[in-house]
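Sharing the record's features from TrEMBL:
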- HIS671, HIS675, CYS772, HIS776: Zn(2+) binding site (BINDING)
- 836-900: coiled coil (COILED)
- 1-815: domain 'Alanyl-transfer RNA synthetases family profile' (DOMAIN)
Amino acid sequence: MDIRAKFLEYFASKGHKVYDSMPLVPDDASLLFTNAGMVQFKDIFTGKIPAPSPNIATSSQLCIRAGGKHNDLENVGYTARHHTLFEMLGNFSFGAYFKKEAIAYAWEFVTEVLGFDKSLLYVTIHESDDEAFELWQEHIESSRIKRMGDKDNFWQMGDTGPCGPCSEIYVDQGAEFFNGEEDYFGGEGDRFLEIWNLVFMQYERSADGTLTPLPKPSIDTGMGLERVVALKEGKINNFDTSLFAPLMECIERVTGKKYYRDDELLNNSSLGNHSGDFADSAKLDSSNSKILSEKCGLQGKSQGSYLEGNDCHDFSQLPHLSPKAELQSSFRVIADHARAVAFLLAQGVNFDKEGRGYVLRRILRRAVRHGYLLGLRKAFLYEVVGVVCDTMGGHYSYLQERKNALQEQCKAEEERFFETIESGMALFNKEIETLKTKNGTKLSKLNNDNAEAVEMRNRGFQGEGEGIYLGDNEQALAAESAIYRSNATQFNGEIAFKLYDTYGFPLDLTQDMLRELGLGVDLQGFEKCMQEQKERSKAHWKGSGDSVKDGDFNALLSEFGENEFVGYECISTESKILALLDSNFKRVEFLQAGQEGWVMLESTPFYPESGGPVGDKGILKNSSNITAQVLDTQKYFGLNLSKIHTLSPLKTGDLVKAQVDSSRFEIARHHSATHLLHYALRQILGAHIAQAGSLVEANRLRFDFSHPKALSVNELEQIQALVNEKIAESSPQMCETMGIEQAKAKGAMALFGEKYGESVRVISFGDSIELCGGIHTQNTAEIGSFYIVRESSVSSGVRRIEAVCGKAAYSYGKAALESIKSLKEMLKTQDIVQGVAKLQIALKEARDTANKAKQSVKSLDYEEINGTKLIVLKLDSVEAKEAKDIIDRAKNENEKVAILLITESSGKVALTAGVKGVESRLKASAWVKQVAQILGGNGGGRDDFATAGGKITESSKVQEALDVAKSIARENLG
């Protein structure tokens with residue numbers, strides 16, 4: 001059964017509009033990643049924007065919980081339900097239906113579409129929600145409805161704002177694996193598994209905690225796809241389902257090891273085999289209750305209390321995993337993280353040192369470390385990522401389109417980490433040994449009592465001991481853990497920072513490894529090192545700022561709706577000022593002369609910054625004078641607003657003439673050229689190319705795109721040639737408005753992170769087809785020439801091309817010709833290629849001479865005068881310090897020597913002289929001073945060593961200086 005499709009089809013049949021999964025990177029400064037289905041409807045729920053039509057919706061939303069407030073990363077692999085990436089199915093009502101319909105829809109879908117046995121279903125409600133109780137009684141016996149408190153059944157978006165009670169649907173998984181003391185409905189065990197949460201948003205919470213009923217209550221529901229699949233397939237762990245089976249098979253193939261499902265280990269354990277199969281079931285599987293602990297030799301708290309909710313971070317209280325359980329956890333970490341890596345890369349997040357890119361790097365490196373535990377010593381995750389693309393590319397087609405590029409990016413990042421992981425692990429193990437030594441017999445005892453157990457466990461990692469159970473040695477492992485736990489020593493924070501800074505071990509990866517030993521890390525020491533790092537990165541992501549969040553946009557939308565953009569047809573228009581706002585986006589009636597603020601025109605020709613092009617500039621005029629300069633144009637919550645600097649007073653209701661600056665045409669040229677560049681990149685490099693960023697200005701364009709390696713000169717030439725070829729075709733602009741699905745079917749490229757309505761604007765220039773709302777030339781011929789100025793790296797897997805066209809291309813070409821002219825003059829030739837070739841030959845000869853001098857003075861040209869070796873030379877490509885080294889070497893190699901070197905660097909001449917064994921006849925200070933005078937300089941020093949500087953660099957004067965130096969030496973030494 002395709003549960004995702006069934007869910008969306010069901011709610012579509014009930015009149016809900018089906019929304020695509022929004023990007024994992026939300027347009028919300030308060031969120032690192034999209035972490036719930038309601039995120040794309042957040043502004044509707046909070047009242048910032050009006051409800052859409054129809055005002056009921058449904059979606060299957062990809063979510064990431066691996067950073068920020070919602071971070072499940074450290075739990076993944078050790079529980080049955082935690083994932084970094086998962087899909088949340090949801091239905092939403094924005095003031096349309098409420099509890100009655102939401103409950104009825106949920107019950108019908110769960111029982112009739114999914115086919116769950118009604119006798120296995122249970123429901124929780126808020127303790128105060130009598131209405132929900134009465135409604136549920138229409139579907140289920142009251143004995144299976146449980147009232148719960150605020151902690152479990154009251155939801156709120158924040159400290160203030162929309163909130164309300166919620167109701168959760170549970171499925172009884174049965175007593176086969178779940179019959180512990182806490183495995184009752186409402187207990188801490190996992191027999192009763194929550195599958196669907198229905199949130200009834202009916203209150204507004206004020207700052208003082210008061211709850212005020214909302215005039216139009218709303219519905220927000222969420223159901224985890226992975227959980228439902230597990231239940232439908234009869235699996236007690238999400239990772240044992242068909243969703244993950246292809247990934248496990250791939251990991252088995254690359255590691256040569258077997259993956260064990262929970263039911264295999266549990267059934268094996270229940271048949272009386274060694275408890276070591278599942279020695280740490282609590283840590284391994286949150287779906288198994290206390291009976292699993294009893295079967296596997298664990299005593300104490302249930303799995304739920306260890307692993308569910310926000311209290312599942314203290315793993316130091318848990319004993320070690322057995323070899324099979326270690327294998328199982330590592331398999332699950334790798335499979336889960338491969339999914340997250342694939343989707344984040346495909347949606348334009350790239351490996352980085354900060355922000356979302358660093359979270360992605362942490363996820364990958366955690367997966368690589370678990371591959372390392374399985375004996376892998378080279379890149380492997382990229383193969384699992386390829387399987388993710390194959391298995392999920394049917395629904396998410398962009399995975400298939402970018403598969404090869406994603407694998408290349410992943411492999412390159414893996415290889416970087418594998419270069420340092422050995423050294424990092426050695427440093428980590430060394431510090432662990434230091435901790436043992438510092439704590440004497442307590443920890444050193446591990447080297448003896450536990451040696452056999454550790455050796456058997458290590459053999460299991462290397463594949464030599466598949467099926468070996470530790471038996472009694474489990475006690476030794478548990479003792480090891482207890483020793484570590486009882487010790488107050490923490491892992492050195494400076495070492496943890498060195499692992500992070502030098503070897504690329506994210507802090508949470510080091511903490512992950514320490515948890516397995518029952519140790520913590522000195523976080524204060526780590527943070528101190530981080531603060532002391534001079535060039536530390538600062539995590540950041542795009543946000544609109546507090547002033548924008550607090551602006552009066554909703555009031556403007558309610559009063560006027562979205563204002564009209566007329567800039568496609570004209571660059572100037574007369575319009576009425578609907579509203580004025582100050583610099584903090586607060587509504588005002590007047591702006592005095594000399595103030596800055598924002599204007600909302602009834603109809604505006606100014607195009608807002610969007611998708612690359614900068615916002616339009618221009619002027620506002622009254623009948624006779626310019627009243628304001630338009631500095632920028634932006635779009636906030638559907639409102640087209642222009643930032644202005646007033647030259648005379650303005651008030652709401654004034655009629656003005658709005659006129660766009662002439663620079664718009666140059667922006668349009670570069671924007672159209674960007675479309676052609678995007679097309680050319682996909683033609684030359686492949687369909688994996690996806691826009692990762694763009695800036696379009698009047699004098700340049702910058703285009704960032706996904707590609708795993710630098711472009712060759714040949715590739716850049718092909719791309720530039722293809723763009724100019726398309727320009728020369730004089731293709732007219734074709735602008736069409738159509739449905740989003742029709743546009744995609746036509747081949748129009750849509751960009752991640754962009755929000756598209758039901759109707760979209762499609763811009764075509766010949767074969768180039770993109771969804772775009774921007775300003776363009778009417779014909780490609782208007783673009784003029786196109787030149788690529790630079791190609792560079794932005795981050796791992798992202799390249800950047802900077803280019804110019806139109807007037808900027810003419811200026812670029814003119815500057816290039818002027819540079820060529822200057823080169824001809826410098827080289828004294830009309831053939832630059834030939835001139836440069838001669839220069840390279842001369843440079844090579846000079847370098848050869850210098851290298852010989854550095855290797856041995858014996859190779860230098862010299863003459864001998866009365867047993868004294870005389871060396872006088874000009875050496876190019878030699879610094880003054882190197883000249884001194886050559887003179888010192890000459891002295892060491894000869895009993896009697898006189899040497900003077902002239903070197904030239906950065907337009908300056910330096911003279912260095914040395915004398916040994918003949919100082920009574922030739923003093924270095926006097927010698928170098930006389931020679932320097934010829935070059936317009938002066939100098940001095942000791943009898944045996946002296947230096948001088950010169951100002952004249954003409955070759956004829958340098959040669960004269962060399963001749964004089966030889967003459968003086970001959971006269972004094974002869």
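Cβ coordinates are placed from backbone N, Cα and C, and glycine is handled just like the others.
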Of HIS671, HIS776, the binding-site residues given in the record, which has the fewest other CB atoms within 10 A of its CB?
HIS776
Averaged over the whole of the domain 'Alanyl-transfer RNA synthetases family profile' (1-815), what is the pLDDT?
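Its mean pLDDT is 82.
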For the recorded Zn(2+) site formed by HIS671, HIS675, CYS772, HIS776, which further same-chain residues have Cβ atoms within 8 Å of the site's Cβ center?
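Filtered neighbour residues, in order: ALA668, SER672, THR674, ILE763, GLU770, GLY774, ILE775.
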CYS772 (Zn(2+) binding site) has how many other Cβ neighbours within 10 Å of its own Cβ?
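Neighbour count, Cβ to Cβ under the 10 Å cut-off: 26.
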Return the count of C-beta atoms lying within 10 angstroms of the C-beta of HIS675 (Zn(2+) binding site), excluding that atom itself.
26
